[in-house]
């Protein structure tokens, strides 16, 4: 009994050191699979990079969606030094801002945070201004050439004529926009043309003479140039005509001399062939008669040569 007990107590004592040694060894040496491999590490880095990119993109997207634009500062407070702050945008030129909203004045349209000039209205104003310029300057040019036509034209008459014009009909502007365009045209006309007010208080327009010169027809310009330079043109024209007449007379004398010489040689040849030739002077004309010696049904030949002044 005693031996049995002693044996039982001896086994645990012999196995306890082995288990304790293996436990210590496992604590001192970590397992081999506690750190990831190189491929696993690269996959982990890739996953983290993708997740970070998605998070950043989502953050930016929601920030842009939820961001509220700054309101515009009110126009009536634009002159005060405290009107411009970090909480509102300054009201742009040619715009009116009220309660944070921007409204562009007539003739301008909203483009982002600015008010830019309306291209359609600007083009229409240019066409109307050109029509008025041509209409008035052609009338002024006619007056400068012939003394006919009106010099000063009433502004109301011009717009009455324009109301039924195809240019206004084809534009298709509403009444308010057309009135604004008309005002812009009249401002430009006041700078381009001459204006005055008659005794009845009606505004009148006139094309300047310097501008009307460009609208004169070519015959009118030639006629006016000749009249302005008559003292030079008349002597030069007389000299040219005299030189032309003198040259023509010299050429005529040369022609007659050569012709007489040719007739003389013909007379000599006629006498050699038995043809009688008679040459005498009558009233400043040389009369040359020639007749054949044989009797044939040939009429006489008469050659008239003007006398040469020797």
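Keep in mind that glycine also has a Cβ here, set from the backbone N, Cα and C atoms.
Note: TrEMBL annotation is automatic and uncurated.
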- Among 209-228, 229-248, 249-268, where does TrEMBL put the label transmembrane segment? 229-248
- Would you mind telling me which of 16-40, 41-65 TrEMBL tags as transmembrane segment? 41-65
- Message: I'm validating the feature mapping. Which of 1-23, 70-92 is tagged region 'Disordered' in TrEMBL?
- Response: 1-23
- Item | Sequence-remote partners of the transmembrane segment (41-65) [C-beta within less than 8 Å, at least six residues beyond its ends] | none
- By a Cβ-Cβ criterion of under 8 Å, what residues six or more beyond either terminus of the transmembrane segment (229-248) are in contact with it? none
